[in-house]
Amino acid sequence: MGKRQHQKDKMYITCAEYTHFYGGRKPDISQTSFRRLPFDHCSLSLQPFVYPVCTPEGVVFDLLNIVPWLKKYGTNPSTGEKLDGKSLIKLNFAKNSEGQYHCPVLYSVFTDNTHIVAIRTTGNVYTYEAVEQLNIKAKNLRDLLTDEPFSRQDIITLQDPTNLDKFNVSNFFHVKNNMRIIDPDEEKAKQDPSYYLKNTNSETRETLQELYKEFKGDEILAATMRPPEKKKVDQLNAAHYSTGKVSASFTSTAMVPETTHEAAVIDEDVLRYQFVKKKGYVRLHTNKGDLNLELHCDLTPKTCENFIKLCKKQYYDGTIFHRSIRNFVIQGGDPTGTGTGGESFWGKPFKDEFRPNLSHTGRGVLSMANSGPNTNKSQFFITFRSCAYLDKKHTIFGRVVGGFDTLTAMENVESDPKTDRPKEEVLICTTTVFVDPYEEADAQIAQERKKTQHQVDPEAKVKMSQPQPGNQGPQTYRQGVGKYIHPAATKRSAEEEPSTSTATPTAKKRPSRGFGDFSSW
C-alpha cells in the first residue's frame, strides 16, 4: 500500500462533492410524459375529425371545433399564437373501400408512421413519397389529381414520423391552460343528473324513469328555501315579548345583526279564540230524525271550529255511523265508512283540548274519536251513557240538547257483534249550522283593527315630538367670540351694579342680652 493515500480526504463535503453527489441543481426532467395524438384526430377536441382543416404550419383541426374557438379567443389552440380563420385550409382525405384514409395515388394506407403532406392550393392529401417521386424529382409541380400548378412552398407537412413535437398533447396550449369552449347543448345536458350515469342496466334505467315522473324534490326545496312572509304587527296581535333577534344576533355570529327590538306576533288562531265567548249550535239531519248539538266553542275552540267548518263544507253529508255499541257510544264522521278515514278541515291532525270541567258524564256527550294522542281528524262519537274513563283520552266539544228520541232510535238499531257495525244504515243526510261564533269573532277583530288604524301609535307621537338630530345644536346670537351668549345676560340691572358712593356703612346693632320681658315667650 502506498503512503499518504488518504491525504486528500477532507473532513467536510467539498464543493465538487456537493454538486455531483449530494446536492446542487439537477438536470431538467420533463414534468409531463409524451402523449401521441393520432394523425386523424382534431388537435382541439382530441377526437377524430369529420371536416378536417389545417393551419399553414400543418396543425389539423375539425371545422366544427375550431370556428367557435376562433370566435372566442382568436388564437391557435396548440401554440397560443394568433390565428385567422381565413388562413385555414380545407383538407381532402381519400378513403379506400374499407373506410381507411390512404394516398389516392399510391393507394398506401395512412398510419402513424406515414409521412403525410397536403397541397395548399387544392387541399388534397398525399404521401410524401408520391409527391417526391412524381412532383419534386420529376420537376412537375402540378397536383396529381387536379393538375393544378403549385409551388414548393405550397407543400404542407401534416405528419413527419421523425418530428412528432406537434402531436404531443401534453404541450398543447389549451391543454396546459385548461381552456375549452362550453357547448350550450352539453351545458344543458349536465343539468340532468342522468348525464353522469355512463353505464346503467335496464332495471336501473326503469327505476330512474319512475323516480323522475314522481319526483317533486325541486318544488319542495324551492318552498323551503323561500323566505317566510313577515307577518304584520298591530296592536291586536303584538305580544308583550320581543322576537329575540337582537339577543340572538349579539350572542351568535351566524345570525344577521339586529339592533331594534320587534314585538313577536301572536298566532292568528290564538288571537281569534280570545274573542270567541259564545256557544255554537248545529243540527244533524239523520234518517232517524234530527239531533240538536251545542258546541263548547269557548272551551275547546280548535275542535269546535273544525266541526263547524266541516259542517259548512258539507263534509258530513251522506256519511254513515259505522260503529254503534248499545249502552256505550255511536261513532261516525268517516266519509269512507270504514273507521280509518277522514281528515280535519286543515288537512292534518290537530292537538287534543282537555278541560277539567268537561267529563263524559250522562247521555248525549259529543266527543272526538282518535287513534292516539293529538290525532283528531273528522270522526266523532255520541255517548249513550256515562263513560268517565274516556276523560283525558278524547276531547269533549259539545253535547246533545235536542232530539233524544232520535238518539234512542239510533241506539235501538241492531249491530253486528263482531264488527259493531249497524245492520241497518244510520245516515247523516245534511247538517245545518245555526250559530257560528267564529264569524262574529272575525268581524269583531276586523272592526277593532279599523279603529286602531286611525289611532296614532304612542311611540310614534313621542318620536314626532322629539327634535330632529340636525336641530339639537345651540343657538348663535352673533359672530366671533361669545356668539352663544344671550345679549340679555350681559346687561345687569342698576340694583345689581356695585355702588360707587363713599358713604360709610352703618354699624350693625348688637342684640341685647338682657332679661327683657315675657313677650317672646
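Counting starts with 1 at the first residue shown.
Quick reminder: no glycine exception, Cβ is built from N, Cα and C everywhere.
What Swiss-Prot records for this protein:
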DOMAIN    35-108  domain 'U-box'
COILED    197-217  coiled coil
CROSSLNK  K216  SUMO2 cross-link
DOMAIN    278-433  domain 'PPIase cyclophilin-type'
REGION    447-521  region 'Disordered'
COMPBIAS  447-462  compositional bias 'Basic and acidic residues'
COMPBIAS  465-478  compositional bias 'Polar residues'
MOD_RES   K483  N6-acetyllysine
Helix-strand-coil residue split for the domain 'U-box' (35-108), DSSP-based: 13 helix, 18 strand, 43 coil
Integer average pLDDT (0 to 100) for the domain 'PPIase cyclophilin-type' (278-433): 94
Cβ atoms near K483 (N6-acetyllysine) (within 10 Å, other residues, all chains): 11
